[in-house]
There are 2 protein chains.
Amino acid sequence: MSRRPGQLHLNAFLMGVGHHEAAWRLPESDPHAEVDVEHYKNLARIAERGKLDSLFLADGPVLWDQVGRRPSGVLEPTVLLTALAGATERIGLIATASTTYNEPYNLARRFASLDVISGGRAGWNIVTTANLDAARNFNLDHLPTHRERYERATEFVDVSLKLWDSWDDDVVLADKASGVWGDQEKIYPPEHNGKHFRVAGALNVPRTPQGHPLLVQAGSSENGRNFAARYAEAIFTAHQTLADAQEFYDDIKRRAAEHGRDPDHVKVLPGIVPLIGATEAEARELEAELSRLIRAETALPILAELLGVDIADLRLDEELPANLPAEEEIEGAKSRRTLVVNLGRRERLTVRQIIARMGGGRGHLTFAGTPAQVADAIENWYDNGAADGFNIMPPVLPSSLTRFVDEVVPILQERGRFRTEYTGRTLREHYGLPRPANRNTTTKAAAPAALRS
Amino acid sequence: MSRRPGQLHLNAFLMGVGHHEAAWRLPESDPHAEVDVEHYKNLARIAERGKLDSLFLADGPVLWDQVGRRPSGVLEPTVLLTALAGATERIGLIATASTTYNEPYNLARRFASLDVISGGRAGWNIVTTANLDAARNFNLDHLPTHRERYERATEFVDVSLKLWDSWDDDVVLADKASGVWGDQEKIYPPEHNGKHFRVAGALNVPRTPQGHPLLVQAGSSENGRNFAARYAEAIFTAHQTLADAQEFYDDIKRRAAEHGRDPDHVKVLPGIVPLIGATEAEARELEAELSRLIRAETALPILAELLGVDIADLRLDEELPANLPAEEEIEGAKSRRTLVVNLGRRERLTVRQIIARMGGGRGHLTFAGTPAQVADAIENWYDNGAADGFNIMPPVLPSSLTRFVDEVVPILQERGRFRTEYTGRTLREHYGLPRPANRNTTTKAAAPAALRS
């Protein structure tokens, strides 16, 4: 491999006391921390100490599991990130929110508010929420189809972009003498009249420091890739092998170019679950300890739902059944299903072993090793065109994040792979992305590619 | 009058650079402050220094006016209050949110998150949003009727209460040895199936420090009073005369009792716009200066809309027309319309004079005087059964709040009318209200009255 120029981008994906299913059972873990704002402030400060580009919170408007299984409280991310904005100064703040169960005016406004309050550090991870139980919290009896959800998502983002551009950057005159505060001519009401949404008026938040929040996406299905190539400025993705990650990376960059966008303005960040030890053996021991703490009986229903099969169809100490529903038949997380099936088949894993692998990272790459080995793995994917950076998913929080920041980041910095100080103020600056011009004041030809539709 | 026992409750109603229409034009005002989080943090700290019970933000999902008129940015309140939670320790945080343009699962969750993050300081001012332009931001061509809005609001609050009680207080077992985190038997999914909402599952936020956020309401119409008497724990209201305030106070307490509630658990807080001067003349001069700065041509459309008439029907230097639409014909802010009509008729004010009075407090009592006179006025209404405390609406921010806190509050404290230190930690404790029991675990007879429906 040859050394690729430029620097990595690193995002800290925070989740309760860690991404590992059983992290809460470790002696070190606080089993109440998942709803403790001080816990998250501490994590945010650790990530900022490491000069990471951003931190990120997943979300769904639903109680995900049986509460017997693991910590189940999830504070609403736009609210929690606002608290974290006050505890940090530079790090980007990315919140997940659903286009299926929100209204554009409300959500665009909340993200605009977060962008203003944080001084330009807000990002939106756009999801369509593939979960029947969530649908049942919003007047529905069925999960809208994958296609319907993406159709609504597309219009939702279009309306949001119109709302974020509904104030020009220079509306405010603040002319005290004449008593004229703003220039009404520079307000552009969307007057949007679409299939899913009719939104007439301008937002009641001025254009934000970033123009609009960074748009992030994580779908890897055909619909998901098209959506990401059109709108996403950063993509969180899950791959188990370098080859799969390269295929995805090339495909996304190609699709973005087809949409007339600069491929470098779409940052691809695969997830990695780093299990870090002073020695490889120590890292493996942590991995084994966490695997021992998974209760298969609570994890089995999750796997069955992902695969679209009955629990009774799965045998813990056998491989996956030969006949599984095809990706086309799944209305949920399509690409995640295929990733798990391929992993099981390729490595001939038993259901119990799959659960152990899933319990670590839910399909994301789990990597156990020394800090230098983790840094090597990250560089390897970066140099081989599989990633612009990584979505770091600490298996145990705060300890795995602390080790990553204090032990892996310095190696990447020494090797010239990662910043030693923040050079920008906004999330978009950290990712090397331009501030979009207001598309109401630029011609189509001159508009930044990210805003074309 | 005889001295009434107990102490006052005081809320700081924050609005940009002040409640007065023209406050932004004063030399002292920062005309960009309405979207500056540091401005609000400063205000929150001033209010907390004064040991006020709470602070409050109004809201609507709509760009209210022409931006020419006055500062028009409004950060979303649940997000802004989360930022203020981090800048304060004790003061309550009350956000307005609409039942007409939200979904219960999302909104109940955001308030639960704010209550958790703030350590039990969240309150929700429940509004139905009487504004056609807001409707047009949410797929509608018309404003739902007053009756329809209140019907939806009633079901919305019922569902929210079910969601806030969907976790028992003692769900979390955190049994690391057995691997059981929570007790599924203590999760109570709403399984709500109503006219406006179907919400099946439990919230994904545990029961909050306050049980649920303090419920606040501000409607004074017949529908509004019934709604408030049933649900509200604090009521913001607007009256110009002691007699009107007494009528409202008695009526609300009586209606609350009819709903089986303790009337003392519904705190009535009329709005007051205090214009404070070292002398009465100085206060009057501030009032006059602000009135001079109002531009009648931008205020006229607001008054016309409130009254349900055409702009051309109003003459700036004449009294209100004899024939105005009756309250029954108004689908907007019914009681506010009647208050303004009565004010104009009673004092024989010209339209220009009404605009000056409205510009100060939009129908709320404006009081110009020395700190001692303001304290006297507050005590007078309190002792005469017109108020349990006041909703303080500073005409200019921060200066009017600073003067109130530093000059009026000490007088009230000296007279034994107001706390000198916080004695509670939660918003509900500041208002002397009990933490509601979970109605899934108590019999109807034992349930706190506020939770009965």
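Placed from the backbone N, Cα and C atoms, the Cβ positions cover glycine too.
Per TrEMBL, FMN is bound by B:T96, B:H146, B:Y150, B:S220, B:S221; the candidate from B:D59, B:D65, B:D183 named for the same site is B:D59. Which of B:109-131, B:247-269, B:362-384, B:431-453 counts as region 'Disordered' depends on TrEMBL, and there it is B:431-453. Same-chain residues at least 6 positions away in sequence with a Cβ under 8 Å from that of B:Y150 (FMN binding site) are, in sequence order, B:T128, B:G219, B:N223, B:G224, B:F227.
In sequence order, B:F56, B:L57, B:A58, B:D59, B:G60, B:P77, B:W124, B:N125, B:V127 constitute the residues six or more apart from B:T96 (FMN binding site) in its chain with CB-CB distances below 8 Å. Under DSSP, B:T96 (FMN binding site) is assigned to a strand (E or B) in the three-state scheme. In sequence order, B:H146, B:E327, B:K334, B:S335 make up the list of same-chain residues 6 or more apart from B:S221 (FMN binding site) whose Cβ falls under 8 Å from its Cβ. According to DSSP, B:S220 (FMN binding site) sits in a coil region rather than a helix or strand.
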